[in-house]
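*Asks:* The following feature annotations were taken from TrEMBL:
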- 543-552: compositional bias 'Polar residues' (COMPBIAS)
- 17-117: domain 'Cyclic nucleotide-binding' (DOMAIN)
- 150-265: domain 'Cyclic nucleotide-binding' (DOMAIN)
- 277-380: domain 'Cyclic nucleotide-binding' (DOMAIN)
- 406-525: domain 'RGS' (DOMAIN)
- 543-580: region 'Disordered' (REGION)
């Protein structure tokens, strides 16, 4: 009998309740438990059964299953199952059965549970009872999961599937849940208590019920960017990558939904970087880029590619530092790029020069998002590419100091467009630039958008009543109006090309020459030179750093600090592909010479 009591107490001490109840409470609960041995592949309860007890897994493994016998998750020693029983007259939402190993449970009946909770309430009037709070949340975990952007709005069934894959962890005060620099393979949602993200002696953020952290490390397998420590006894829900992969592998609809949310989450994360490249991409384009990209992880001290290698991919740095060495006039130029930058585009922009023009080496363990040559060309480099503005930003990174920036590049570049628009506004010729851009965007828009956009362009720029009428020849205007009115096959992607060419010639002949002498052009040229690979006035072997906006996980695991630079090159392979839906990362910001 003494041995069985000790077994009960040890089982409770392995559970999440040990973090929020002292030993006296656990001993009292242990005294109300009865032991149940369960043979292999035995059903303990089925969906729809009366919820008569809560159970603690002592040994073996058990499966939660649905009405169609699908396995929703597993329960192992220390886990608590059957939490619906916290409410009287409740029914089982799912079933529970043992696996091939069999197992054993400690069971607390509904009546014993009510007596226990009533006793705790009498001892501490008006105070929340940890076991009751835990059980009420555990029977409907979607109430907590729904607070996270990754899961909010999912169907109740999908939320239940994810909830059963998560593990409850009790975290005593002072426990370090995550350590800065460790590899990340799980995320956490706080059910109760409080935790803080810290680095050194700085507190970066605080997490309470419904907050989450660690999701970027989970999704990108990147090192943790801060310590997370429990400042109060806490209960957290942990979702491991292996369990997320298992769920997504069995449900295509859920995989598509979560994949979209992952892409949007990481895309919004890297919007924090101040970069013309990402400024040139809409949210839809960022998600598209994310979906086409792949994760690659490279340990510290490895060569990513060498001068003369075939250029086969574009790299965006999610985490870590690299050095880029390239031949200079007198010696090798060394540039250091960190999280938020990108490289590898030079050999992809021009099919005539498909080889690497520099050598890139990792300084720390790096996480990259990579885009292969074919997709890169379709998005940024081909004559009919989908993202010409972002492609222009990439092209101008190799701009030679002193060369005149072309009208085409100035108009497409986000900063160039703003500056030439400001110049033309002052000169009262801004409608010409805006018409040119409208025609360029129309040409690349989807076919279903052409009719309404074509009419909007005519109404704004070409009709007699237009407030921003442009100087397009009469026959061309007449033909365009007729095509818009008639519709059908007369509306096509290239219908505005003749009008656009006329305005382009006007801008090139009358507007761009004075613009090249303006303060706005000087500002644009300074911007382009500042973001070029080789700095103005830089000498051989200088190292250029980057000062991006901070990366943050969840409600702020990383807080307001840069991603950790700790070298954690434990990966046995030089590179590996991530197993989650592709996500976006990386950007470029102005270099500062250190």
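Placed from the backbone N, Cα and C atoms, the Cβ positions cover glycine too.
Describe the structural context of these features.
*Replies:* The domain 'Cyclic nucleotide-binding' (277-380): residue composition by secondary structure is 25 helix, 42 strand, 37 coil, according to DSSP.
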*Asks:* Give the residue counts of the domain 'Cyclic nucleotide-binding' (150-265) per reduced DSSP state, in the order helix, strand, coil.
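*Replies:* For the domain 'Cyclic nucleotide-binding' (150-265), the helix, strand and coil counts are 39 helix, 41 strand, 36 coil.
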*Asks:* Do you know the DSSP helix, strand and coil residue counts for the domain 'RGS' (406-525)?
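*Replies:* So the domain 'RGS' (406-525) is made up of 93 helix, 0 strand, 27 coil.
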